[in-house]
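Visitor: Heads up, here are the entries from TrEMBL:
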DOMAIN    1-61  domain 'MADS-box'
DOMAIN    88-178  domain 'K-box'
COILED    88-145  coiled coil
COMPBIAS  170-179  compositional bias 'Basic and acidic residues'
COMPBIAS  180-191  compositional bias 'Polar residues'
Amino acid sequence: MGRGRVQLKRIENKINRQVTFSKRRSGLLKKAHEISVLCDAEVALIVFSSKGKLFEYSTDSCMERILERYDRYLYSDRQLVGRDISQSENWVLEHAKLKARVEVLEKNKRNFMGEDLESLSLKELQSLEHQLDAAIKSIRSRKNQAMFESISALQKKDKALQDHNNTLLKKREGEENGSSRRTINPMHQQGYNPSAPILFNLIQR
């Protein structure tokens, strides 16, 4: 006798539910990868656990590109069939898209911080490593440029201070030389008059 169809229902035991989720999630990610390779298809898979943890797989290194393509397809499809979506529904759809993008960006941020790497495939880990290497090179290049600019600015400031100091020294030397030339003879300062002895001799004669 053939095996009867098993009725699907929620697993009540938390431990068994978590184990089953982990196994089925791994199998689902594996199947998504296989269909993308065997059929040369673009696949995007997003899974949220019961605790809200995000797991994803995409054939492209950037999930956003596939989501944008999906959005364009939905938009063109709505245009073809002539569906009239109300403004409120548009806002709901836009909110859902933005929320999904935020969650993807948050996951990418955690990956860049070295967190939640268990769900990433080897290809995704290699892509993440290349992105980090490129980011580090860019940061180092900008840091070196900033250091050179800082050193150049300090050198210019030092030269300006030296020039200003030399100018002050020359000004001080000029003032000292002028002061020495203007110094009055001490005999003049005591009221000495060179014609006085002659006048005194004339009076005695």
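All positions are counted from 1 along the displayed chain.
A Cβ is built for glycine as well, from the same backbone N, Cα and C atoms used for every other residue.
Just so you know, TrEMBL annotations are computer predictions that nobody has curated.
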Visitor: Given a Cβ distance threshold of under 8 angstroms, which distant residues of the chain, six or more beyond its ends, lie next to the compositional bias 'Basic and acidic residues' (170-179)?
Guide: none
Visitor: Calculate the per-residue pLDDT averaged over the coiled coil (88-145) and state the result as an integer.
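Guide: In the predicted model, the coiled coil (88-145) has a mean pLDDT of 84.
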Visitor: Under DSSP, the domain 'MADS-box' (1-61) has how many residues in helix, strand and coil?
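Guide: In the domain 'MADS-box' (1-61), the DSSP-based counts are 25 helix, 10 strand, 26 coil.
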